[in-house]
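As recorded in TrEMBL:
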ACT_SITE  338  active site, proton acceptor
BINDING   337, 341, 360  Zn(2+) binding site
DOMAIN    562-878  domain 'ERAP1-like C-terminal'
SIGNAL    1-20  signal peptide
SITE      424  site 'Transition state stabilizer'
């Protein structure tokens, strides 16, 4: 077995790690896209659903009839094809507008391609209108897709059911036969018959009726006609929810939680007003009301159904003194995101899912920008850079599985997979760059025109660029030509800045990647810069362009000390300088005048330096020396960047013998920020929310690093809680206090904490608190935590428990591997066991940092006979960590050793440095494992 594994590893490594990416071929699949025999103009949808609590599980069904007014698109068509899935068709008829019947020969359901194919005796005439009527039935499922049901309780604890829809992106076909593609927009008349004790809501307000007719304890709610809408945006809910209502606004939830909707209710008004003003298109011109509903078991953050937005409960409900500052900010931004969709996605929809970023990218962008207009004290225009660009898009887009923003999809699964970080975070980052290229005013006016001209219609990226660019040229290129590489290439560039001997700086570009890549894509890169003599960080419009396949030069006098390229990180690219220039920038940061550099560029320098070092483009000694300036820094933005980056270094070094020196380094650079934010919060209302957020992040790191003041505060608070569990914490610091207290708790205190957590009635809060038990540094207690996740009806799944342990315990990998290996047979009996085991292995592989862990992982994979592709991916992940450590660990440790006195550390490290090729190192790993 050992020899087989060695051969496999050698083949894996030299084929993929050293020689490049895996070359895979895909078999062309038949198209799932609808043929264009006809298209819909109007739907009349009638549904009947019963939700009485005395129904059995098999009785939750609905019946429906849909009348679709269609126009023939080709001459002499003898078939009509539309989408349908998991519905039972009872009858189909077709008439022309003279009510003359056109005989339906047959109909078939293609379950694979999710189609209803209707064949006709007669031929359709192009341009003529017809009425297609389908009667059918379906199931109100419990899978949270299509038309689904969920259980809840009323104020008295009685069981009640409700039903809601989730159609995005291809779920409408589960509820009514339709042209379920975004380009097929149509108007809808919707009618729902439901139990008389329930309420029905939909995209539009109900039609006024004097007295609803009740028959067999059922009543019918009819709704006003919608504007032209894509099927995935149609929505309806049947429930006993109660609402907070004022004019066109209504916020609904289960009765016992209505008092938690006031914050969302008030902020929603402000956010919608801000978007009305920005877009110059009033929301009520198309939809006369805005309903928002929080759903108990909703699987997504929120869905933007036009005029009926649905939310996951924890992402919408707010209680003063119970909800954290972070959650309050998140609630506000999610509302802004879904409201932005009312224009970007609903009013103007993508022509096909290829351009889904036109929906999600703009919604992601405006969740920061519009919220910033309403709540500027949160500084979300700046936070966007560190959270969205640096903390997400730059990471995902530098991976081997990145994709272009414009990417076609065929199957429903492929379509769902497009709703990823590229469609959201990367697209939002590129959109921000567009606004800086064009200037904010031009960008704003172009967007207003784009929305106006495409209202109730569809668009693609070309349409957007035409409206934004307005025939303007940049160095002979149109805006569309400039943006082509950004939307049609995966990845992003790093701009390399080198000084030559002619008082010039030479700029070149290459794709930035965490791994080797053969992709030589080039971009039109908008170059902005600030020289040490000017210090003007306000101009973010391009000074020049770095064009595909060409280098550019910047005049740089000898009197200049440094240059910073990419002012305010307006462009979606990284920058790398020669080591001497990095050192000069480091000197500026480590001076009393460090604030002369814009706060976003301070964050950029930290992020770029550490990522250049991570990818072996810069020595870690240079990057880490630059971070020493943080001992002076107290601003949230650079520290948010720092915490993001330090997590990677922490995770890679946590089994290193020099881990304690690294934590001494963390303690040192955090002196000013912890002094600034303190550990005990000020009295309520005396400080900005952004200070509260900084305190949460800083406290988490300070306590983990062993800062005395932090430990004293959390221990005092935790011990007081152990004495009186009814004692309340500052809500923002609660998790930090409990985690740090559990970190050093004995078994008795740990068990007491577990008992108290289990008393929590809210399941979401219980799960969150339960995860804190993984903070323990006791091997036995961590094992017990993992074992609890294997039990029936466990609060957290085993793979999530593994993730908790990885994030909190330096010995987490070894503990998790041991429990996984010894208890795998029990885990196999769990629901979704295969997914849980695969996920656990993936999490563990990502955290491997030494040869012994790697050996344990290989033995487990071999014993359980995993599929080759899973073994391949898993071992490659782990090996990349080991290779990174081989290249960088000694450099980092030597730097830490050199600064040991500065960090008040007495740990001694050999100064020997080992240089070894990647291939030699991997072979050494293999020999060590199997000798």
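Glycine too: its Cβ is placed from the backbone N, Cα and C atoms.
Annotated features, which come from TrEMBL, shown on the structure.
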residue	record	contacts (Cβ under 8 Å, 6+ apart)
337	Zn(2+) binding site	302, 304, 363, 364, 366, 367
338	active site, proton acceptor	302, 303, 304, 309, 311, 363
341	Zn(2+) binding site	304, 359, 363
360	Zn(2+) binding site	345, 419, 423, 424, 427
